[in-house]
Amino acid sequence: MWFSKTNFPVEGKTALIVGASQGIGVNLAERLYEKNCSTILVARTESKLQHQIQNIKEKYPESSAKISYAVADVSNYDECTRLWRTIDPADPDILFCCAGSSIPKLFQDLTKVDIESGIDINYKTVINVVHTGFKHALSNNTDNLEPHNFKKRSVVLFSSVVSFFPFIGYSQYAPMKSAIESLSIILRQELSPYNYRVTCVFPGNFQSEGFEEEQKTKPDITKKIEGPSNPIPGDECARLIIDQLDKGYDSITTDFIGWFLGCSVLGISSPRQWGFFQILVSFIVSLIAPIANWFINRDIKNSFKKTKKE
């Protein structure tokens, strides 16, 4: 697949981007609009959406595409149903589910609000939008087309590298991102007969408002295990994602460490990226993982001992 770049044509298409008031959602909107792909930005705050649309139009005045927005809290199922009815004439070809938020804390420090927002923002926003969108497509099949005659659509879900390697500090976030990976596998099986392509993205650290917020609550032990981080620019992250989609990959990482960690959890149903090399790396990881895990657990125990003394 790596030599082909014709698997994700966007010119003349319409993309619905959920979680597009900031971060990677905006970066993707810019990339797509630049490629003459009409975009519909979705988020909860209208003023932010209006601001982003104005910036994108000013940045790419040559684009012939349309850009608009829809205000919706997609963690609410009924609002998702309303969303699809509102944008019905557009009938998006591509759906990006980018909404997400991490609040890194020790489990004992999480609040009820933290836990509920983790479920709402990181999981319900995805399953609600995809489910209502698919049901909407089925209800619009007034010509009684056979599943294989449905128009081609793409669904791109955003998980995280922490779904490959969950560790201390991410209990509010990582389990939901693992759920997104599982959901992508099931959707690929259930929606592909209807001409849906389902892709799961596992981004590493990239520059965004969310990344800056994470640093405010991230425990020291989490930072130590994570190691020094040099987040890539958000627009570079978006470029990599679209490039990998174009090459036909349906399991996408945005940096080497993400690809490496993904090798440790190849599984049965997950699509692969440079699969032969992943098998080799997976074998190596299986040998060194117990050693690495011993050091991680040692550091965690020492961290709690230090905290107790203080």
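Placed from the backbone N, Cα and C atoms, the Cβ positions cover glycine too.
Cross-referencing 19-23, 144-148, 204-208, 209-213 with Swiss-Prot places the feature motif 'GXSXG' at 19-23. From the candidate list Ile24, Ile185, the residue Swiss-Prot records in the NADP(+) site shared with Leu16, Asp73, Tyr173, Lys177, Ser208 is Ile24. When the neighbouring Cβ atoms lying within 10 Å are counted for each of the recorded positions (Ser21, Ser159, Ser208), the highest count belongs to Ser159. In terms of Cα distance, the recorded positions that sit within 10 Å of Asp73 (NADP(+) binding site) are Arg44, chosen from Ser21, Gly23, Arg44, Lys48, Ser159.
Mean predicted confidence for the motif 'GXSXG' (19-23): the pLDDT average there is 92. Long-range neighbours of the transmembrane segment (276-296) within the same chain, counting only residues 6 or more positions beyond its ends whose Cβ lies under 8 Å from a Cβ of the stretch, are 167, 225, 259-260, 262-264, 266. Residues near Tyr173 (NADP(+) binding site) in space but far in sequence (CB under 8 A, at least 6 apart, same chain), listed by position: Ser101, Ser102, Ile103, Pro104, Gly118, Asn122, Ser160, Val162. Counting only residues at least six positions away in the same chain, the Cβ atoms of Ser21, Gln22 sit under 8 Å from the Cβ of Lys48 (NADPH binding site).
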